[in-house]
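Student: The structure's right below; bear with me while I get my questions together.
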Amino acid sequence: MLKIADVEFESRLFTGTGKFSNSQVMLEAIRASKSQLVTVAMKRIDFKIGLDDLLTPLRQVGVQLLPNTSGARNAKEAVFAAELAREMLGTRWIKLEIHPDPKYLMPDAIETLEAARILCEKGFIVLPYVHADPVLCRRLEEVGCAAVMPLASPIGSNQGLVTESFLKIIIEQARVPVVIDAGIGAPSQAARAMELGADAVLVNTAIASSASPIVMAECFKEAVQCGRRAFEAGLGRVQTGAVQTSPLTGFLNQ
């Protein structure tokens, strides 16, 4: 069971809501994934019409919403988006995203740390999206973040665990849950992330852009489960040379 702040999750696969062809496909994919935590960008919500076509069906599914500050260019904008989410959605949970570069969407470490400090002081449950930087992740822990969400590779790139060496360090040192976010493009990559010891993964593009999003969601669900079980079972140690599975005995000389 995964616990973040005061909430427990049976599923270690978190999902997003962007890039789906329509809301019905999105809902069916979320159901198939068995995800219990779903991110939604504040910039996509039309509060003028109350509970819009995005929020209403998500609440009917029964998942916990994790509003994000995607689109924020600095700490001030991110804090504003988080406070809007708390007021309009009634949640203290926030996925903190600050990426001023519209091309590569790389997170701004300095602004993210500052926003995290402010939001934690205001009582938010903060899950920051950041570079796979062990030092930064430790600093975010220290200011009170409930989890850290280091990237595997650029958002939506499907490149997989490009930052694996750094993710290993973060997982080793973390005292809060580590959710690997961004760039996971295949179920095998999600399984690998879980084998490393990640507490969860967040997948959106790889599911939403698939020719069969519902089937792909099921595949990711199973991959995450298998990866976690493999981690808990204990993977064999990697050797530099060959190791005999059946050591030679003297029977050949008899």
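Keep in mind that glycine also has a Cβ here, set from the backbone N, Cα and C atoms.
Straight from Swiss-Prot, here's the annotation block:
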ACT_SITE  Lys95  active site, schiff-base intermediate with DXP
BINDING   Gly156, Ala182, Gly183, Asn204, Thr205  1-deoxy-D-xylulose 5-phosphate binding site
Student: Hey, what's the widest CA-to-CA gap across Gly156, Ala182, Gly183, Asn204, Thr205, the 1-deoxy-D-xylulose 5-phosphate contacts in the record, in Å?
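Tutor: Between the most distant Cα atoms of the 1-deoxy-D-xylulose 5-phosphate site, 9 Å.
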Student: Can you tell which of the binding-site residues (Gly156, Gly183) has the fewest other C-beta atoms within 10 angstroms of its C-beta?
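Tutor: Comparing Cβ neighbour counts within 10 Å for the binding-site residues Gly156, Gly183 gives Gly156.
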Student: Hey, does DSSP put Thr205 (1-deoxy-D-xylulose 5-phosphate binding site) in a helix, a strand, or just coil?
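Tutor: Once the DSSP labels are grouped into three classes, Thr205 (1-deoxy-D-xylulose 5-phosphate binding site) ends up as helix.
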Student: Could you give the Cα-Cα distance between Gly183 (1-deoxy-D-xylulose 5-phosphate binding site) and Lys95 (active site, schiff-base intermediate with DXP), in whole Å?
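Tutor: Cα to Cα, Gly183 (1-deoxy-D-xylulose 5-phosphate binding site) and Lys95 (active site, schiff-base intermediate with DXP) are separated by 17 Å.
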Student: Lys95, Ala182, Asn204, Thr205: which of these recorded positions has the sparsest Cβ neighbourhood within 10 Å?
Tutor: Thr205
Student: Specify all same-chain residues, apart from the site residues Gly156, Ala182, Gly183, Asn204, Thr205, whose Cβ lies within 8 angstroms of the center of the Cβ atoms of the 1-deoxy-D-xylulose 5-phosphate site, ordered by sequence.
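Tutor: Once Gly156, Ala182, Gly183, Asn204, Thr205 are set aside, the remaining close residues are Gly16, Pro154, Ile155, Ser157, Asn158, Asp181, Ile184, Gly185, Val203, Ala206.
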Student: So, in DSSP terms, is the residue listed as 'active site, schiff-base intermediate with DXP' helix, strand, or coil?
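Tutor: Going by the DSSP assignment, the residue listed as 'active site, schiff-base intermediate with DXP' falls within a strand, counted as strand.
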Student: Please report the Cα separation of Gly156 (1-deoxy-D-xylulose 5-phosphate binding site) and the residue listed as 'active site, schiff-base intermediate with DXP' in Å, rounded to an integer.
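Tutor: Spelling it out, the Cα of Gly156 (1-deoxy-D-xylulose 5-phosphate binding site) and the Cα of the residue listed as 'active site, schiff-base intermediate with DXP' are 17 Å apart.
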Student: Between Asn204 (1-deoxy-D-xylulose 5-phosphate binding site) and the residue listed as 'active site, schiff-base intermediate with DXP', how many Å separate their Cα atoms?
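Tutor: For Asn204 (1-deoxy-D-xylulose 5-phosphate binding site) versus the residue listed as 'active site, schiff-base intermediate with DXP', the Cα atoms are 14 Å apart.
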